[in-house]
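Student: Supplied in structure tokens, the structure appears directly below.
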Amino acid sequence: MLRVDAPQTLAEFLPGAAAITVLTGAGISTDSGIPDFRGPRGVWTKDPSAEAMSTIDAYVAVQEVRRRAWRSRRDSPVWDAEPNAAHAALVELERAGRLRALITQNIDGLHQRAGSSDGKVIEIHGTMREVVCLSCDLRTPMPEILARVDAGEDDPPCAECGGVQKSATISFGQALDQDVLDAAITAARSCDLFLAAGTSLTVQPAAGLCLEAADHGARLVIINAEETPYDELADAVLRRPVGETLPRLVRIALGTGG
Ligand SMILES: [Zn+2]
């Protein structure tokens, strides 16, 4: 039942959706100046070696990989990025009591910066805003560790145990946090509308959340510039920029204009 750009369909069921679970991907943050790693102009597309260097095995084994990673974290566009209109729209949806959960594949923390509650945001790929020790699990705010990098430590060890530290994100070859994943699956199964925005839906298990939602009776709406493998399953597909389309859908849902 593929309906590309189906305003009538959206007007039929968006206003009645009471428990909306949203899944966001890189496409929601590109308007904030954060490049999409997998998109046509993405970092990995331009430099394939960057992807090979981002496996957990390489990170643990090779200090030069860790030095590069710390330089790249320090220079990340995330620190100067501001949330955009799409992030803000999801804050409105939460404040109206209509947001079941906000699952994100992003590690930039922009949903919380925009005002989304920690209790609503499920970061399935972790967050860049914290550092974790791979030996003792100590967590430290990223700015504290980046201050050490700026002061000359090119691979800052854990202050407690001396272990290797990394951003609290899921690297290639690293398992997702089971509790976080369980929370995401529960949120997908217990919504009446599942809205995927700015994600190509090609990375599992995030993409499979669409199936979980549909199998449990939710409507499925997809906003993404390119096709996704779940378009055929969706009630509506909007191949438009997330930055203007997501706020428009939230306005329709909340009855504040379309
Ligand atoms: Zn430690």
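Even glycines carry a Cβ here, placed using N, Cα and C.
Quick paste from TrEMBL:
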- 1-257: domain 'Deacetylase sirtuin-type' (DOMAIN)
- H125: active site, proton acceptor (ACT_SITE)
- C133, C136, C158, C161: Zn(2+) binding site (BINDING)
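For each listed feature, how buried is it and what is near it?
Tutor: Contacts of H125 (active site, proton acceptor) defined by a Cβ separation under 8 A and a same-chain sequence distance of 6+ are given as T104, Q105, N106, I107, T169, I170, L176, in order along the sequence. Classification of H125 (active site, proton acceptor) by DSSP places it in coil, neither helical nor stranded.
Around the Cβ of C136 (Zn(2+) binding site), the same chain contributes C158, E160, C161, G163, each under 8 angstroms and 6 or more positions distant in sequence.
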Student: For ligand 1, list the recorded positions among H125, C136, C161 whose CB atom is within a distance below 6 Å of it, in sequence order.
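Tutor: Close enough to ligand 1 are C136, C161.
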Student: Which site among C133, C161 has the most other CB atoms no more than 10 Å from its CB, taking these as binding-site residues?
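Tutor: Per the Cβ count, the most surrounded site is C133.
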Student: Other than C133, C136, C158, C161, which residues of the same chain sit close to Zn(2+)? List them in sequence order, counting a residue when its Cβ is within 8 Å of the Cβ centroid of the site.
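Tutor: Going along the sequence, the neighbours come out as L134, S135, D137, L138, P157, A159, E160, G162, G163, Q165.
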